[in-house]
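Chemist: The structure is given below, and queries will be raised subsequently.
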Amino acid sequence: MSASLVNRSLKNIRNELEFLKESNVISGDIFELINSKLPEKWDGNQRSPQNADTEEYVEALYDFEAQQDGDLSLKTGDKIQVLEKISPDWYRGKSNNKIGIFPANYVKPAFTRSASPKSAEAASSSTVSRPSVPPPSYEPAASQYPSQQVSAPYAPPAGYMQAPPPQQQQAPLPYPPPFTNYYQQPQQQYAPPSQQAPVEAQPQQSSGASSAFKSFGSKLGNAAIFGAGSAIGSDIVNSIF
């Protein structure tokens, strides 16, 4: 990070502390305590005492190709010494005897160890202002194992006829007892009466018989009329005499 930006932030913090002191938000003792902890001026090449005693290492999770001068290319599994955390998204570190900037979301914390005495490496850092790089998206690797083939059902050879399985004969159900009225009386079927064809009378015989009866009746009628008339007439004659 640029030294000018850090020194500007320190100046802003002191101004804010003075404003809080004048507003009676903090006391003079607190102001002096906080102000004494702040450095007067920050140099970009100096490191904090904690960083001088320990070295922080991170491990690369993804491959990263340098996009411009000053970037540090990474390979998955590389161990990188963190020299400076420029921002939450970008770190400056050393790996494979190279120093550069790499995205913070491409690494994970690995370990820390005590720093060995060695000469300070001069590496000027410029102001970095660029967007964060999202981790690469990997497609799922193809399975190394061959897919299991579904075996086809067994087909008998040609000309071979498999006998059907024997059918199980079901035992007959027991007949219910007679008192349950389960057995119904068979309905009697009546045959319709046969129609007899009417007997046709012989026209000649009937006509002859009817004519005979008519002639016989007319004779009887004439005889009766004649007999009655003669009897009445005799009575009248007798009454006159």
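The backbone N, Cα and C atoms fix where each Cβ goes, glycine too.
Straight from Swiss-Prot, here's the annotation block:
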type	residues	note
COMPBIAS	118-131	compositional bias 'Low complexity'
COMPBIAS	163-179	compositional bias 'Pro residues'
COMPBIAS	180-213	compositional bias 'Low complexity'
CROSSLNK	LYS41	ubiquitin cross-link
CROSSLNK	LYS79	ubiquitin cross-link
CROSSLNK	LYS118	ubiquitin cross-link
CROSSLNK	LYS219	ubiquitin cross-link
MOD_RES	SER48	phosphoserine
MOD_RES	SER114	phosphoserine
MOD_RES	SER116	phosphoserine
REGION	118-213	region 'Disordered'
MOTIF	135-138	motif 'PY motif'
Chemist: In whole Å, note down how far the CA of SER114 (phosphoserine) lies from the CA of LYS41 (ubiquitin cross-link).
Modeler: 27
Chemist: Limited to the motif 'PY motif' (135-138), I'd like the whole-number average of pLDDT.
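Modeler: Averaged over the motif 'PY motif' (135-138), the predicted model reaches a pLDDT of 58.
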Chemist: Give the sequence-ordered list of residues that share a chain with LYS79 (ubiquitin cross-link), lie 6 or more positions from it, and have CB atoms under 8 Å from its CB.
Modeler: TYR57, VAL58, GLU59, ALA60, SER95, ALA110
